[in-house]
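Enquirer: Marked as transmembrane segment by TrEMBL: B:6-30, B:42-61, B:67-85, B:106-127, B:147-172, B:202-225, B:237-264, B:271-291.
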Amino acid sequence: MTCGIQPGEMRTKGGDSMRRPIRLLAGLAILGLVVTVPGSGGLRPVSAATLVKIGVDLPMSGGEAPNGVPTNNGVLLAIDQANMAGGPYHFEEVLKDDAVNGVHDPAQGAKNIQELIADPAVAGIVGNFNSNVGKATIPITNAAGLVQISPSQTNPGLTKPENGALDVRKAYPDRINYFRTCTTDDIQGPVGADFAYNVLKVRRVAILDDQETYGKGIADEFEKEFKKLGGTVLSHDGIPKGTQDFHAILTKIRAERPQLVYFGGVTTTGGGLIRKQMPDVGLATPYEGGDGIVENEFLTVAGDAANNSFGTVASINVERLGAAKAFVDAYKAKFHEEPGAYSANAFVAAKIILDAVKAAGADREKVRAWVAGLHNYNSIIGTFSFDANGDTDSRWISIYAVRNGKWTWVDQIRKGQM
Amino acid sequence: MNWILFVQQLINGLSLGAIYAVIALGYTMVYGIIELINFAHGDVYSAGSFVALAALTLLGATRHTAAAGLVFALVVAFLAAMLVMGATGVVIERFAYRPLRGRQRLAPLLTAIGVSFSLENILQLWMGPSPVPFPQLIPNPFFDLGPVSIGQMQLVVICSSLVMMAALHFFVQGTKLGKAMRATAQDWMAAEIMGIDINQTIALTFFVGSVLAGAGGVITGLYYGNIWFINGFRAGLIAFTAAVLGGIGNTTGAALGGFLIGFIEVMTAQYIGFQWAEVTIFSVLILVLIFRPTGLLGQQLPERT
């Protein structure tokens, strides 16, 4: 089917030649309008397919681009494959960046989400990456009834009523619209503690966190479980935002003679520099953290000191899953690199929305209801269902260690139904 | 109380405070002469480390470079950072602040914030948005001083800062240009009548302050082994607080304030809880300002019109 101005089309019945140039101009003007309307995608061969947009909000710039870019790649791959398969819908991504001056920003995330909601063609959102951004965005998508699936936000308070989630989904507490394909820090933190206690055989730890939703949350969960196991938590300090010099706090920690330093937070909020400065004060213990430090940026920042660090990731290692082989191959072929820690989760998050649109149509409420009813969904990260709060029942935690300056997979643990 | 630990933290505080002090000098000099809080100063400091990194990369210096080559590379890196940042300071003053001189005070203040953002974004465009590793050319072994120890880099930080402060003191108090700076700070109209080139003197103040900040940037780059385009923000904020604490406009006060804040930060980490570091710093600042509104060494300046 073609669209465009046919040679004879501008000629009117009356054939008034004086008016022709004016009409031609008007036609061109309308054409120009079509080309320049933001988001219209410009001139494209119009097919019968209905355009449906998938909103994405991730930190795409700054020190966190290494998190956002591979995650977004997962979404792009899912959309590509859905379009390739054909069907009545043509899918398109609307990408928003929630990093301001290099750091994820809840206010920017909220603004991005509002823009996505304002676009009627957006059927669902994949995002965000960081838990504190979710605290700002979920209330907005909840009020709008728009489905939002995060590949990586692990703070329990975003979904679980006992952790305060009813304040987050205030508008419609029973109309669940926020889901995630990763598991939560009340699983990730304790698995980290189990690993420290049972595998590393550590009994005395010092804890630091970056005082953010994610960092403090996972550090608190680690502390709780480690104490429950019978270990001693010598100290638990928060670090002021933007600190570069950790010699004082590490000197204090060294005097407590810990066997491990645990950090709750991400590389850029201190995770890398703390590891780097530990040898400066003669602190030679292993180091452990959550998924916020299991990335290449940590290796760059910590340099030689990175070895003997451990980290948990709230998802399964796709390279070890037979079902994900096709995904990994397609990812490598398209982006010429290994998938990031949350690429597969983002792929699945996007695919759920795409499948929902295909099954239930592009109506937001129908999409939401379809996702909320997801049961035994077969995906590249295994078969799972969403529970009554929107959390996945596939509670996989992978454990990594830095060996010879690289993050290497050590183990993965599935926590039972809770 | 564990006195060994206390002394160890004093050493940490000394090296941390030395960095704050060097940056604070630039804030206080500029404020002293044109009563402008130059918010871009923290970013000048972080830009200095980027220039040094570029110079070191150009020279191909790594940890494995021979000693003679290393000294040469370090000298070049310091000179490059200091001169480029000095020039940057002068350019900022000439094009961002001078056109607004004499206008209402809010305009240059907001301009300073704008310059700060511009510098941050230039650094981000230049070296990318992620933290960049800085070659650690000076090894960092420990020297034992009885039960406590001091890292070689801490010694370098403390000594080089003291040298810079002494040089600045000599420059301001002992040279003719320094005298012109002091005269302009006291009363620029009278100074102008006495034949002092005001514009040149103010430009010189920006140059000297930015040279110090540039050098500070190189030192911390070598010390922490990482630089990031956003690093100037917190360092600048804390150093500005140090300048106010010591008495803004007074160079000795700025140095004193820098060391004091360094000590407060490390002692908070040791005895109260690291997360309270900024709360403690600002509480002390407020207390000091209640009893001494002009800061520790600040003097009541005559009202200017």
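Even glycines carry a Cβ here, placed using N, Cα and C.
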Enquirer: Return the stretch with the most CB pairs under 8 A relative to the transmembrane segment (B:202-225), choosing among B:6-30, B:42-61, B:106-127, B:237-264, B:271-291.
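Expert: Looking only at B:6-30, B:42-61, B:106-127, B:237-264, B:271-291, the most contacts with the transmembrane segment (B:202-225) come from B:42-61.
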Enquirer: State the residues, same chain only, that lie 6 or more residues beyond the ends of the transmembrane segment (B:42-61) and have a CB under 8 A from a CB inside it; answer 'none' if no residue qualifies.
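Expert: Residues 23, 26, 69-70, 72-74, 76-78, 80-82, 84-85, 88-89, 92, 115-116, 119-120, 122-123, 126-127, 132, 134-135, 137, 210, 213-218, 220-221, 227-237, 239-240 contact the transmembrane segment (B:42-61) from elsewhere in the chain.
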Enquirer: Mind checking which residues of the chain, 6+ beyond the ends of the transmembrane segment (B:147-172), have their Cβ under 8 Å from one of its Cβ atoms?
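Expert: Counting only partners 6 or more residues beyond its ends, the transmembrane segment (B:147-172) has Cβ contacts under 8 Å with 4, 7-8, 11-12, 14-15, 18-19, 21-22, 25, 138-141, 178, 181-182, 208, 212, 215-216, 219-220, 222-223, 251-252, 255.
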Enquirer: What parts of the chain pack near the transmembrane segment (B:237-264), using Cβ distances under 8 Å and only residues at least 6 beyond its ends?
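Expert: Residues 10, 13-29, 31-32, 37, 39, 41-42, 45, 165, 168-169, 172, 185, 277, 280-282, 284-285, 288-289, 292, 294-299, 301 contact the transmembrane segment (B:237-264) from elsewhere in the chain.
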